[in-house]
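As recorded in Swiss-Prot, the features of this protein are as follows:
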DISULFID  Cys60-Cys290  disulfide bond
DISULFID  Cys73-Cys85  disulfide bond
DISULFID  Cys108-Cys151  disulfide bond
DISULFID  Cys294-Cys318  disulfide bond
DISULFID  Cys486-Cys490  disulfide bond
CARBOHYD  Asn29  N-linked glycosylation site
CARBOHYD  Asn181  N-linked glycosylation site
CARBOHYD  Asn182  N-linked glycosylation site
CARBOHYD  Asn304  N-linked glycosylation site
CARBOHYD  Asn487  N-linked glycosylation site
CARBOHYD  Asn496  N-linked glycosylation site
CARBOHYD  Asn500  N-linked glycosylation site
LIPID     Cys554  S-palmitoyl cysteine
LIPID     Cys564  S-palmitoyl cysteine
SIGNAL    1-18  signal peptide
TOPO_DOM  19-531  topological domain 'Extracellular'
TOPO_DOM  553-565  topological domain 'Cytoplasmic'
TRANSMEM  532-552  transmembrane segment
Amino acid sequence: MDIQAVALLILTSTCVQADRICVGYLSTNSSEKVNTLLENDVPVTSSVDLVETSHTGTYCSLDGISPVHLGDCSFEGWIVGNPACASNMGIREWSYLIEDPSAPHGLCYPGELDNNGELRHLFSGIRSFSRTELIAPTSWGAVNDGVSSACQDRGASSFYRNLVWFVERGKQYPVIRGTYNNTTGRDVLVMWGIHHPVSTDEARKLYVNNDPYTLVSTSSWSRKYNLEIGIRPGYNGQKSWMKIYWYLMHPGESISFESNGGLLAPRYGYIIEEYGKGRIFQSRIRIAKCNTKCQTSVGGINTNKTFQNIERNALGDCPKYIKSGQLKLATGLRNVPAISNRGLFGAIAGFIEGGWPGLINGWYGFQHQNEQGVGMAADKESTQKAIDQITTKINNIIEKMNGNYDSIRGEFNQVEQRINMLADRIDDAVTDVWSYNAKLLVLLENDKTLDMHDANVRNLHDQVRRALKTNAIDEGNGCFELLHKCNDSCMETIRNGTYNHTEYEEESKLKRQEIEGIKLKSDDNVYKALSIYSCIASSIVMVGLILAFIMWTCNSGNCRFNICI
């Protein structure tokens, strides 16, 4: 037993004095958690939330270009030229338009703007225009300009600024004709309209002729309008009806008008100076002195995140809209806290026993123990490769989620309810697909990231094992017990891959033989002791069995002792 104690003491002394190097990874006090396909709430050293949830709460300039608020005017009132919207007539450029959903000044005369939703959508793609006179009112002939008390201008009857309502002059209304040739080299928006009286008496009073008509023609189409007599729900003291039409003329096109009653002739139109992505936002939030690269109807979004869940109808350089409120992408390692008491007398330990809280400037690294003390150093090369891989992952997610789908829901008003419903359903379906794809993609990437970190640590471990060859004992926990003395310079060669195992091969061979010899002697003594104990135990058992047999036979009368003197 004394030999065993001596052997154990020698072995313990050898273990304490041996130089060691361990491979490990960073651990922190981070509370970050991510989800993967197989696990939820996996602790990680760091992560990034890919979904933006905050906004400015205001309208901002978009990339330095200010928006235009239409004030008390609706889009229809502004574009047709309601006299109450005169202050907006000078608008030329905007990043986007803002319309108060309850603006009081729309079409001042009862009626409607044909294909209103399509025109709104067109203006969502216009960034600037200029207002220009198309046909002078005096060029049409012997007719008068009509006005209405429904369209007040500073207390007097007036009419739309961009149209001319022709009525009889001297109880005559001859056939009038007018033509506009688009020689601007740009697209031009032209508007005209038809007045539909409440009765034939009103029609004769205004236009004299029986069955008035209007003919509008271009080189590619022609349309004839007749008056639709009848009383309609009205407002502003009027019950007749005006329907306003529009056409976007391309360079070189001409448009001609012929009428003998009921025509609202074009006076001013709009030359489209610049197309671009825009929106007509409808909300009551205020305009602020701020700049953003992404604008929604609830506020600006300034972020570099991949996704946002603020609003689907966004304008500018915007993150993709998804329904998820949070998508966390792992950017660090699986966070395994260090074991507080580990190793012999608190010695260093490898990655199997947890992470290292003291690792600086790296995710993976080395910890060593020798006569000069204990040291720790990060492996910057493997860390940088991992960082590059994660950066690539984020960029790939952005690229994969970039699509050409744009919502058109915000461009339609209440007239096009069925279009709105269809747009909503399409938007919901597309958003569901984007949201599912985004979540699945992040879960997959989290799995890959954590697996990548595990692989990187094991690759580093294998790299050290291949370098040390037979000069060390792999302890199986991420550490190697060196069979030779290794100062700090020697440790550095192991870390940077310049270690020369042949230089220490002879010393290591002798050390290995010494350790194996001590273990063999210790094992022999143990075997001898076990043999003695086994022999004694077997003898005692045999004696006990014999005595028990004798006592049983005596009690049953089968055995008799005769004592002779």
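Every residue gets a Cβ built from N, Cα and C, even glycine.
Around the Cβ of Asn29 (N-linked glycosylation site), the same chain contributes Pro357, each under 8 angstroms and 6 or more positions distant in sequence. Comparing the Cα of Cys73 (disulfide bond) with the Cα of every entry in Cys108, Asn181, Cys486, Asn500, these being the recorded positions, the smallest distance points to Cys108. DSSP assigns Asn181 (N-linked glycosylation site) to a strand in the three-state reduction. Minimal Cβ crowding within 10 Å, among the glycosylation sites Asn181, Asn182, Asn304, is found at Asn304. According to DSSP, Cys85 (disulfide bond) is assigned to a helical segment. Secondary structure at Cys490 (disulfide bond), as computed by DSSP, is helix. The Cα atom of Cys108 (disulfide bond) lies nearest to that of Asn182, taking the recorded positions Asn182, Cys290, Cys486, Asn496 as the candidates. For the pair formed by Asn496 (N-linked glycosylation site) and Cys85 (disulfide bond), distance between Cα atoms is given as 75 Å, rounded to the nearest Å.
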